Amino acid sequence: MWDREGRAFSMYKRMPSRDHSAVFDVEENSALSQKNMDVQTTDPSWWLSFPHVVVSTLASFLFGYHLGVVNEPLESISLDLNFSGNTLAEGLVVSTCLGGALIGCLFSGWIADGVGRRRAFQLCALPMIIGASLSATTKTLAGMLIGRFLVGTGMGLGPSVVALYVTEVSPASVRGTYGSFIQIASCLGLMGALFIGIPIKGIVGWWRICFWVSTIPAGFLAFAMIFCAESPHWLYKQGRSAEAEAEFERLLGGSHVKFAMAELTKLDRGDEADTVKLSELLYGRHFRVVYIGSILFALQQLSGINAVFYFSSSVFKSAGVPSDVANVLIGVANLLGSIIAMLLMDKLGRKMLLLWSFFGMAISMLLQVAAANTYVSGFASLYLSVGGMLMFVFTFALGAGPVPSLLLPEIFPSRIRAEAVAFCMSVYWVFNFFVGLLFLGINSRLSYGDTECSHETASNDVIRCAFLYADSGFSMAECKI
C-alpha cells in the first residue's frame with residue numbers, strides 16, 4: 001500500500017516537471033515560429049545573391065550571342081566556304097546548332113541533377129569553347145557544321161540550368177526581377193553578336209573573329225562558377241543539409257537560414273528520391289503542368305520570333321533599310337522590352353505580362369496585314385511593316401520571352417523540376433530547329449523571281465511576302481523581287 005502511494009506521490013511530483021517542460025517547449029516553438037514570421041516579413045538582401053545570378057546569366061548571354069552570330073556573316077561564310085546560293089547549306093549552318101541544342105537540352109535535367117548546377121554550367125561552357133574555336137578555324141562546310149553542333153549542345157544545356165539556378169538561389173521578393181535578367185542577358189548577347197558583325201563587309205575573314213570572341217565569356221563562365229554558390233535545393237535533395245544551410249547563408253544572410261530551410265523541407269515533403277522517368281512526365285500526376293509548359297514554348301516559337309533574330313538583316317535589306325541600322329533597331333526594341341518586363345515582373349505577375357505580350361504581338365500582326373493591303377502606298381506599307389516588326393519584338397520581350405523560362409521552375413515540384421524544365425525546353429528547340437532549317441527554303445520557293453519593278457511594287461511584294469510568312473508561323477525574310 002505504502003509502495004503504491006509512494007509511486008503515486010513520485011508520479012505526482014514529476015508531473016509539474018513534465019508540464020513545465022511541455023510549456024517551455026510550446027513557448028520555445030512559439031518564439032521560434034514568431035522569429036520565423038519576423039524573418040519572413042523582412043525580405044533578404046538582394047545584393048548577396050546578385051553576383052551569383054549575374055555570373056549564371058553569362059550562359060544566357062552566350063545563348064543570345066550564338067543565336068545571332070551568323071545573322072550578318074552568313075553571306076561571307078557561304079562565300080569563303082564555297083556554298084554560296086545553297087539555301088539548304090545555309091539553313092544547316094543555323095539549324096545544326098539548334099539540333100545540337102536539342103540534344104543538350106534533352107539531357108540537361110539529368111546532368112543538372114547528377115553533377116549539380118555549378119558543374120553543369122562548366123559542362124555547358126566547354127563545348128561552346130571547343131565548337132566556336134572549330135568554327136573559327138575551319139575551311140570546310142563540314143567543319144563549320146561540326147563546330148556549330150558542339151556549340152549547340154552547350155546552348156541547349158545552358159538555358160535549362162540557368163532557369164533552375166536563378167529560381168533556386170534568388171530571394172522570393174526579387175525572383176521575378178532576377179528571372180528577367182535571363183532575357184536581358186540574351187538580348188545583350190544578341191546585340192553583341194549583331195554589333196560584332198557590323199565590320200563584316202569591310203574586313204575579309206571577320207566572321208572568324210565573331211566566333212573567336214564568344215570563347216571569352218564562355219571561359220569566364222567556367223572559371224567564375226568555381227566561386228559561386230551551389231544550389232541549396234540541389235544540396236538538400238542530395239542529403240547534404242549542412243552544406244545547403246551554408247549556401248543559404250551566403251545567398252540570403254544568416255538570419256534567414258532557418259526559415260529558408262523550413263520552407264525547403266515543407267516543399268520537398270513527400271518527394272521520393274528515386275530517378276525521374278520520362279513516362280512520369282508524360283503520364284504522371286504532374287503531366288498537365290508539363291504539357292502547359294511545352295505549349296508555352298511551342299507558341300513562343302511558332303510566333304516566328306527567332307526567324308526575326310536569325311534573318312533580320314535579310315528582312316530589312318528587302319525593305320530598303322540598311323542591315324546595320326536594322327540590327328540596332330531589333331536589338332534596342334528587344335532590350336527595351338526586357339528592361340520594362342524586369343521592372344513589372346514582380347508587380348503585375350507572370351500571367352498578366354504573358355497575356356498582354358501575346359495581345360501586343362497580335363496587334364503587330366494586324367499592322368502587317370495593313371501593310372500588305374494593296375490600297376496602302378509603298379512608303380506607308382514600308383513603315384507599317386518595319387514598325388510592326390519592331391513592335392512584335394518589343395511586345396515579345398515584355399512577356400512571351402522571359403515568362404516561360406521563369407514560370408516553369410516555380411510551378412514544378414523540386415523532385416521533377418530539372419527533368420520537367422528540360423523536357424519543356426526541348427519542345428522549344430524542336431520548333432526552333434525547323435524554323436532555322438526550313439525558313440530559307442520556303443522563302444526561295446515562295447519568292448516572286450528576279451524581275452525588275454518599280455519601288456512601290458517591290459515594297460508591296462516584300463511586305464506581302466512577310467505577311468505570308470508571319471501568318472504561317474514564321475517571320476519576314478529576304479524576298480527576291
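The backbone N, Cα and C atoms fix where each Cβ goes, glycine too.
Keep in mind that this is a model prediction, so the values were computed, not measured.
Annotated in TrEMBL:
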- 45-68: transmembrane segment (TRANSMEM)
- 52-481: domain 'Major facilitator superfamily (MFS) profile' (DOMAIN)
- 88-108: transmembrane segment (TRANSMEM)
- 120-138: transmembrane segment (TRANSMEM)
- 144-166: transmembrane segment (TRANSMEM)
- 178-200: transmembrane segment (TRANSMEM)
- 206-228: transmembrane segment (TRANSMEM)
- 289-313: transmembrane segment (TRANSMEM)
- 325-345: transmembrane segment (TRANSMEM)
- 352-376: transmembrane segment (TRANSMEM)
- 382-408: transmembrane segment (TRANSMEM)
- 420-442: transmembrane segment (TRANSMEM)
Proximity of the transmembrane segment (88-108) to the transmembrane segment (144-166), 3+ C-beta pairs under 8 angstroms: yes
The transmembrane segment (120-138) and the transmembrane segment (206-228) contact flag, 3+ Cβ pairs under 8 angstroms: yes
For the transmembrane segment (206-228), distant same-chain residues with Cβ under 8 A (at least six beyond the ends): 51-52, 55-56, 58-59, 61-62, 65-66, 69, 73, 76-77, 80, 118-119, 121-122, 124-126, 128-129, 132-133, 135-137, 147, 151, 154, 193, 196-197, 199-200
Residues from the same chain, set at least six apart from the ends of the transmembrane segment (178-200), whose C-beta lies under 8 A from its own: 49, 53-54, 57-58, 60-69, 71-73, 76, 159, 162-163, 166-167, 170, 206-207, 209-210, 213, 309, 324, 327-328, 330-332, 334-335, 338-339, 341-342, 345, 397, 401-402, 405-406
Close approaches to the transmembrane segment (144-166) from elsewhere in its chain (Cβ under 8 angstroms; 6 or more beyond its ends): 53, 56-57, 59-60, 62-63, 66, 77, 81, 92-93, 96-109, 111-112, 117, 120-121, 123-128, 130-136, 138, 175, 178-179, 181-182, 211, 214, 218, 231, 405-406, 408-409, 417-418, 421-422, 425-426, 429
Same-chain residues near the transmembrane segment (45-68), Cβ under 8 Å, at least 6 residues beyond its ends: 97, 121, 124-125, 128, 132, 151-152, 154-155, 158-159, 161-162, 165-166, 169-171, 173-174, 178, 181-194, 197, 214, 217-218, 220-221, 224-225, 228-229, 250-253, 306, 309-310
